[in-house]
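Have a look at the structure below before the remarks.
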């Protein structure tokens with residue numbers, strides 16, 4: 001694995017969007033405008049105004065909504081430069097342009113930032129086939145995977161397959177609202193082979209408060225961002241049951257071990273070192289203590305599993321989407337198809353609790369077979 005981690009410098013805002021000839025400049029488009037998508041737009045918009053090789057204007061695709069006052073969300077964003085629904089009170093930048101037309105958003109763009117709920121990625125890509133610059137590059141900030149009949153497909157690979165362009169990933173310990181407030185945090189770009197592409201993405205995202213390192217391990221970085229949400233669901237169950245920090249730490253350790261094992265079984269090239277980057281253990285810690293998956297899972301456990309995740313998502317997340325439960329189901333499909341359930345009992349149990357087949361309390365009783373062995377022979381250590 002190779003690592004490249006310069007930090008961006010000099011990120012002042014300009015008072016207006018520059019006009020004129022921009023031949024040879026990168027053009028950035030952000031596909032998605034939820035909480036994290038809006039933060040991503042703010043980051044790249046800041047850098048677009050700071051680097052001469054990037055066109056000032058950053059277009060952001062917005063799934064059009066009508067607000068309670070009757071105004072269109074895109075109109076409000078373009079008037080106030082604030083996403084009042086998904087990132088209120090945060091100025092996105094004078095150079096961010098909200099666009100409800102997906103094809104128009106990506107027209108002429110050379111850098112595509114994907115930041116939508118993962119269940120919509122394939123349909124978006126199919127809509128964009130033949131509509132993007134063939135020399136463009138993409139980056140996915142999306143957590144999740146698609147499970148096809150012949151096995152799991154990472155979203156970066158799905159984007160490359162449908163659009164025929166290189167796709168890197170960006171993951172890390174960075175809760176969106178904290179980044180929006182410009183609190184210091186880190187992120188990891190996973191790239192395939194071309195270091196110039198890695199440098200382009202670091203330049204696009206890195207700021208003095210948002211440090212970005214690039215590593216040559218797309219699958220490892222992407223799986224870290226995907227699987228940590230499943231572990232965060234488990235951590236939320238522990239919180240909802242009032243089990244304390246010892247239990248939560250144990251669940252996180254076990255979850256990290258399953259993340260590593262699952263990733264390396266799917267992709268043997270995944271590097272152990274990736275799990276010590278921001279995308280790995282740091283993101284796991286952050287998500288298990290502060291993320292939306294933990295929050296909703298805590299409420300689920302406190303209600304004894306009697307209120308559905310869909311109901312709690314609608315009540316608690318203000319229109320944002322919960323990814324951990326969907327991912328747990330996708331991971332379980334892989335475990336079932338490959339007879340890996342006993343290899344990854346925590347992952348399997350999270351899914352079974354989430355769909356109501358087990359009570360939340362079984363999150364600490366997920367490996368009965370090992371527990372029974374220990375009871376029969378206390379000298380046997382349990383590794384889980």
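Note that Cβ sites are derived from N, Cα and C of the backbone, with glycine treated the same way.
Annotated features in TrEMBL:
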type     : residues                                            : note
DOMAIN   : 28-194                                              : domain 'Glycerol-3-phosphate dehydrogenase NAD-dependent N-terminal'
BINDING  : 32, 33, 34, 35, 36, 37, 63, 120, 176, 292, 321, 323 : NAD(+) binding site
BINDING  : 143, 292, 293                                       : substrate binding site
DOMAIN   : 217-364                                             : domain 'Glycerol-3-phosphate dehydrogenase NAD-dependent C-terminal'
ACT_SITE : 228                                                 : active site, proton acceptor
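Here the features listed in TrEMBL are placed on the structure.
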residue: 32; record: NAD(+) binding site; Cβ within 10 Å: 25
residue: 34; record: NAD(+) binding site; Cβ within 10 Å: 22
residue: 36; record: NAD(+) binding site; Cβ within 10 Å: 23
residue: 63; record: NAD(+) binding site; Cβ within 10 Å: 15
residue: 143; record: substrate binding site; Cβ within 10 Å: 26
residue: 176; record: NAD(+) binding site; Cβ within 10 Å: 23
residue: 228; record: active site, proton acceptor; Cβ within 10 Å: 31
residue: 292; record: substrate binding site; Cβ within 10 Å: 23
residue: 293; record: substrate binding site; Cβ within 10 Å: 26
residue: 321; record: NAD(+) binding site; Cβ within 10 Å: 15
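Cα of residue 36 (NAD(+) binding site) to Cα of residue 292 (substrate binding site): a span of 12 Å.
Note: the substrate site is recorded as 143, 292, 293; in the same chain, 229, 232, 287, 291, 294, 322, 323, 324 also have Cβ atoms within 8 Å of that site's Cβ centroid. When the alpha carbons of residue 32 (NAD(+) binding site) and residue 228 (active site, proton acceptor) are compared, the span between them is 22 angstrom. Residue 34 (NAD(+) binding site) and residue 293 (substrate binding site) have their C-alpha atoms 16 Å apart, to the nearest angstrom. Residue counts for the domain 'Glycerol-3-phosphate dehydrogenase NAD-dependent C-terminal' (217-364) under DSSP, split into helix (H, G, I), strand (E, B) and coil, are 111 helix, 0 strand, 37 coil. Looking at the domain 'Glycerol-3-phosphate dehydrogenase NAD-dependent C-terminal' (217-364) alone, the prediction's average pLDDT is 94.
Calculated from their C-alpha atoms, the gap between residue 321 (NAD(+) binding site) and residue 143 (substrate binding site) amounts to 11 Å.
The recorded positions shown are 143, 228, 292, 293; of these, the one with its CA atom nearest the CA of residue 176 (NAD(+) binding site) is 292.
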